[in-house]
Amino acid sequence: MATLVHTLADHSDDVNYCAFSSSCLATCSLDKTVRVYSLDNFTELPYSPLRGHTYAVHCCCFSPSGLLLASCSTDGTTRVWHTGDGRVLAVLEQPGGSPVRVCRFSPQSTCLVSGAADGSVVLWNVPSLGLYRSGNVKDGSLVACAFSPDGNFFVTGSSCGDLTIWDDKMRCLYNEKAHDLGVTCCDISSQPVSDGEHGFRYFLMASCGQDNQIKLWLISFADFLGIELKYKCTLYGHSAPVLACAFSHDGQMLVSGSVDKCVIIYETTTGSTLHTLSQHTRYVTTCAFAPHSSLLATGSMDKTVNVWQFDVKEPCAAYTAENDPRVAVETWSEDDVSAWLCAQGLADFVGLFKRNNIDGKELLHLTKESLANELKIESLGLRSKVLQKIEELRMKVIPVSVTVPDEFLCPITRELMKDPVIAADGYSYEKDAIEKWINNKRRSSPMTNLPLPTLVLTPNRTLKMAISRWLETQQE
């Protein structure tokens, strides 16, 4: 359970960002200030608020040791503060003076990245507090940044929708179009997904954007292949642009905040929803987990920061159907249905569904009439909410008795193809999947590993029609 334990209402304008150290919480705002609170009792430190920026403060972050605090602003500067007494250690001016939208310390505190509205990216040397390297994203404003846990690379996100991976010498390693309407935030889990084989290292990254989506990615690194960004899945739940996302310290949870005024907490492994928090009255602009405690902070355009105590021992939802459409909901037990209800924010209905012995098969056959007449849910709004979730579930699952023909599955993603194309190796692939394969500078067949004589892709209309006919038969 997530319990609201404190609300901070000291800012006089929109809260733009919040960040934790092991002992403090920092917040920044359109009101040009940065405020720093003790986690012991959520009182402001004696030197707070920090003043000095002449325009809105967009982002703030602690160094890993907690001794330094950086903040960046529309005034074109990134300020570095000492957290012991609040004094300014440096005022770092962005080349060109463009508004600075994001700043982030490297895990070893050796570097500080600042990104600006003109697309400039600056890597500052922390010991000397001087400029080390600089670069530019190819399009748009730079609005998001996250370091890998080992500090060997960092990712930036831009308003044009690109995710760009840089090494610690500011060399561009990889670029990916991630969100069509623009990236708003990104974060990398501090816990590796797996070590893999052949020298691979995997990191889990989340990105969110103006398209209402949160996407999970795997960043792999191998000496002989370099960096690669692989799409993993999309998390749904928000009904408006998602402005912020952040992993918990152990990587087990992901939190997001949105224009829809909601905060959603996901279980990272399954992508299931653990909690939906809706206490903010305006856009949720920022969210952050504390590094060594079960605290969560969320900030909003309502000028407040809510601090939540999160029960990290709470069991995760058991169902996986929303993440794998081939999972058979028909086989769910009553306990599986209960877990699904909790994940959808419908925990109040668990007892009612159990009393009526609703298992997976019964769940899929519920209608607005049966919800009203048999389950006696009197509120039209609540019936509509339950039915909407059931309809979403019906659209994502395939009955237990159905096995998807193997020839309908993309050899790369192993998912049902929507736009199959034929490559030069004679095999059919999902168009987006094979294009990404080729764009990653691979010129060999995913199936045979032999060189492709040509990169031309031909639409497989016959296969597409066959898949459409097969899907129609499953709906009869």
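Each Cβ is built from the backbone N, Cα and C atoms, and glycine gets one as well.
Model, not experiment: these values are computed from the prediction.
The domain 'SAM' annotation in TrEMBL covers 332-396. Confidence across the domain 'SAM' (332-396), taken as the mean pLDDT and rounded to a whole number, stands at 82.
Per DSSP, the domain 'U-box' (403-476) is made up of 27 helix, 12 strand, 35 coil. Taken from TrEMBL, the feature domain 'U-box' applies to 403-476.
What TrEMBL lists as repeat 'WD' is 50-91 (among others).
When DSSP labels each residue, the repeat 'WD' (100-134) comes out as 0 helix, 23 strand, 12 coil, counted as helix, strand and coil in that order. The repeat 'WD' feature in TrEMBL is assigned to 100-134 (among others).
The annotation repeat 'WD' is assigned in TrEMBL to 146-167 (among others). Broken down with DSSP, the repeat 'WD' (146-167) shows 0 helix, 14 strand, 8 coil.
Under the heading repeat 'WD', TrEMBL lists 235-276 (among others).
Sequence annotations record features per position, and here TrEMBL assigns repeat 'WD' to 277-311 (among others). With a threshold of 8 Å between CB atoms, the same-chain residues lying at least 6 positions outside the repeat 'WD' (277-311) that come near it are 1-9, 11-22, 25, 27, 29, 39, 42, 243-249, 253, 255-259, 261-265.
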- Message: Do any residues, 6 or more residues outside the repeat 'WD' (50-91), come within under 8 Å Cβ-to-Cβ of it, and if so which ones?
- Response: 13, 16-24, 26-36, 97-105, 107-109, 112, 114, 116, 124, 126, 129
- Near the repeat 'WD' (100-134), which same-chain residues lie under 8 Å Cβ to Cβ, leaving out any that are not at least 6 residues past its ends? 58-65, 68, 70-74, 76-78, 80, 89-90, 92, 94, 140-151, 154, 156, 158, 166, 168-170
- Note on the structure: Residues in the repeat 'WD' (50-91) per DSSP class, helix first, strand next, coil last, are 0 helix, 23 strand, 19 coil
- Query: So which residues does the repeat 'WD' (235-276) touch in its own chain, when a touch means Cβ under 8 Å and the partner is 6 or more beyond its ends?
  - Reply: 1-2, 181, 184-191, 204, 206-216, 282-292, 296, 298-300, 310, 312, 314, 316-317, 319-320, 322-323, 342-345
- Under the DSSP assignment, what numbers of helix, strand and coil residues are found in the repeat 'WD' (235-276)? 0 helix, 22 strand, 20 coil
